Every structure is written in structure tokens, then in C-alpha cells.
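**Student:** I have a structure I would like to understand better, so I am pasting it below and will then ask my questions one at a time.
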Amino acid sequence: MDEKYPPPVISGFFTDRTSTLFPILGISIALGLFLDYVILTQSKSLGTFKYYLLNQTIWAQLFEVLMITLNPVFLTPYFAGYMGGIFRNTAGYAATSAMTALCFSLFLNNVFGVILSLMNRYILTFHSEWRKYLENKFTISVIGAFHVFLYVMDIVFYYMAPANSDIGRLMAINETHTALRKYYNEPTFIYSSEYGGDSRKIWIVLFVIIFGLSSILLASAAIFIRNVLIFRKTKGVVSRTSLYLLISAVVQVVICVVFLFIPFGWLALAWACNIQNSANVTNGLITLVSMHGTVDVISTLYFIMPYRKFCLNLIGQNLRRRRISTLSQEILFSSRNK
């Protein structure tokens with residue numbers, strides 16, 4: 001074994017976790033569709049915030065479905081990986097590269113969905129006079145243009161990848177020697193060149209960006225909590241519904257950091273710093289990403305008051321129906337025995 005290029009060691013669970021996570025996927029899809037229905041029918045008191053919630057929720061659901069069905073396996077610290085999910089033996093190199101670009105796009109959509117929800121809650125609760133700046137054509141155009149820019153960059157990185165699997169394997173052999181030999185027969189194996197170390201420098205910048213965004217989001221959550229405490233004591237402007245919406249926004253920030261930023265931050269760090277023997281940690285954290293949508297849906301249903309009331313009413317109605325049905329059966333049974 002080449003000591004300079006040791007092969008990545010990965011637990012069998014991470015290479016075939018799709019079957020384990022499929023029950024979670026079924027629950028996630030059912031809960032996601034239920035939440036979409038609840039947002040569309042039970043958001044009368046939330047105003048425009050429901051559109052931010054719907055945007056954030058849909059991206060989280062799509063991302064989780066892809067992460068579980070594709071099951072990306074990262075071969076860190078090398079710029080390599082493959083799909084260990086249901087398309088492991090059927091998808092080719094082009095499809096794998098396209099799905100990789102799509103997943104990173106959905107990751108960005110998730111992050112900016114949370115940021116937009118946070119901005120909406122802060123402005124409408126503490127600075128309603130700023131609403132005209134948030135909900136106008138110029139701001140929406142800027143947000144749309146920024147998303148397009150990120151997608152274009154994603155496409156650029158996609159085309160920077162090797163043109164086909166043979167070129168990718170040749171690059172892998174030249175740069176990692178025998179470290180990745182075990183994975184060359186994987187139909188979905190992809191590899192990106194280090195470009196003499198430039199790729200690792202790019203990932204250092206990306207790690208700094210992820211760390212910076214995480215810090216800003218957590219600081220924003222702390223500011224939210226501080227403002228709620230101050231405003232409730234001085235002006236009393238935070239209603240019960242608004243308070244629950246703020247709590248929901250703060251919780252979603254924490255969920256975003258834990259289930260998205262920490263896993264992808266570690267991935268960026270492992271690539272940037274060439275951290276050896278990091279594959280198990282990387283893929284373990286990526287498993288958290290596969291649960292993000294489910295956790296996000298549950299937190300939304302619980303922390304937003306109109307949604308929680310609706311769910312409790314449904315549960316209460318079902319319990320009452322069961323009690324009535326049971327009581328009717330008992331009465332019928334007792335009358336027959338007389």
C-alpha cells in the first residue's frame with residue numbers, strides 16, 4: 001500500500017444505507033405531502049410567510065428524496081465518489097455528474113430558503129416598515145438573479161469535470177495511484193482533478209464561506225431571541241402567533257446548521273486540508289443530510305401554532321371517533337347479551 005495515498009476505508013453501512021433509510025423516506029414523503037396541504041389550507045393568519053415556508057419545505061423534501069435514493073458515497077480526502085443507491089448499477093458517468101450538480105443546487109436552495117424565511121420573520125415582526133423593501137420586484141429580481149448566478153457556477157463546475165469515465169479514471173490513477181483502484185469498476189464512479197492543488201484551495205474558500213454563513217445564521221438566531229425578550233418587556237409587540245413563528249425560524253436555523261452546514265462544512269474541510277482516513281466521518285455526517293427534510297417537516301408542524309392546532313384537532317377527532325365506535329360496539333354487545 002502506498003503510504004502517501006492510502007485507500008479510503010468506508011463502513012459497509014454507508015455504501016448500502018439506502019435500504020436502511022427507505023422507511024424514513026416513505027415517512028418523509030407522506031409527512032411532506034401532508035405539510036404542503038396544511039400550509040396551503042391552514043396559513044390564513046401567516047400572510048406571505050406561508051410562501052416562504054412552502055418554498056423552504058419543497059426544496060428540503062426534494063433534497064432528501066435525492067440524497068436517500070442516490071446515496072452519494074464520498075471517497076475523501078480524494079475528489080471522488082459514486083452513487084450507492086438504487087441507481088448504483090444502472091446510472092452512467094454522465095447521469096452521476098448531472099445528479100451531483102443537481103444535489104449541490106438543491107443544497108443551495110435549502111440554505112437560501114432558510115435565510116429568506118429568517119429575513120421575512122425578522123422584518124415583519126420587528127421592522128414592518130421594511131416590508132416594502134423585501135416584497136418588491138427589485139428585491140425579488142435580485143434574489144432570482146443571485147440564484148441563477150449560483151446555478152451557472154454549478155454548471156461551470158460540472159463542465160470542469162472529466163468529459164467521460166475513462167478520462168476520470170486516468171486522472172485518478174495519475175493523481176492517487178492505487179488508492180481508488182477498488183472503486184474503478186463502479187459504473188457511477190466520478191473523479192475530479194486536483195489541478196495541482198488549486199482545487200483544494202477553492203475548497204478552503206468554500207469552507208470559509210460555509211463557516212461564515214453558519215456563524216451569521218446562529219448569530220441571527222441569538223439576535224432574534226434577544227429582540228423577543230426586549231420587545232416583550234418594552235413594547236409587547238410580539239403576539240403569541242408571531243412568537244411561535246419566530247421560534248420556528250430559530251429552530252430551522254439550528255436544523256440547517258446541524259443537518260446541512262456541519263456535514264458539508266466537514267466535506268469541504270476534508271477536501272481542502274486533505275484529511276486522511278476521513279471517509280467514514282464524511283459519510284456518517286452525510287447521513288444527517290438524508291434526514292434533514294424529515295426533521296424540518298416535523299419541526300414546522302410542531303412549532304407553527306396554526307399547524308400544530310390543526311394536527312391536534314385531527315388527532316382529537318380520530319380519538320373521539322374511536323371512543324364512539326368502541327362505545328357503540330360495547331352497547332351493541334351488551335344489548336345482544338340481554
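Every residue gets a Cβ built from N, Cα and C, even glycine.
According to TrEMBL, the transmembrane segment annotation covers 20-40, 52-74, 94-118, 138-161, 202-231, 243-272, 284-304.
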**Student:** Need a quick answer: max count of Cβ pairs under 8 Å to the transmembrane segment (20-40), which of 94-118, 138-161, 284-304 is it?
**Tutor:** 284-304
**Student:** Give residue numbers and ranges for long-range contacts of the transmembrane segment (94-118): same chain, 6 or more residues beyond its ends, CB-CB under 8 A.
**Tutor:** 49, 52-53, 55-56, 59-60, 62-63, 66-67, 70, 72, 81-83, 87, 143, 147, 150-151, 154-155, 157-158, 161, 164, 188-190, 213, 217, 220, 224, 249, 252-253, 256, 260-261, 264, 292
**Student:** So, do the transmembrane segment (284-304) and the transmembrane segment (138-161) meet, by the test of 3 or more Cβ pairs under 8 Å (sequence gap 6 or more)?
**Tutor:** no
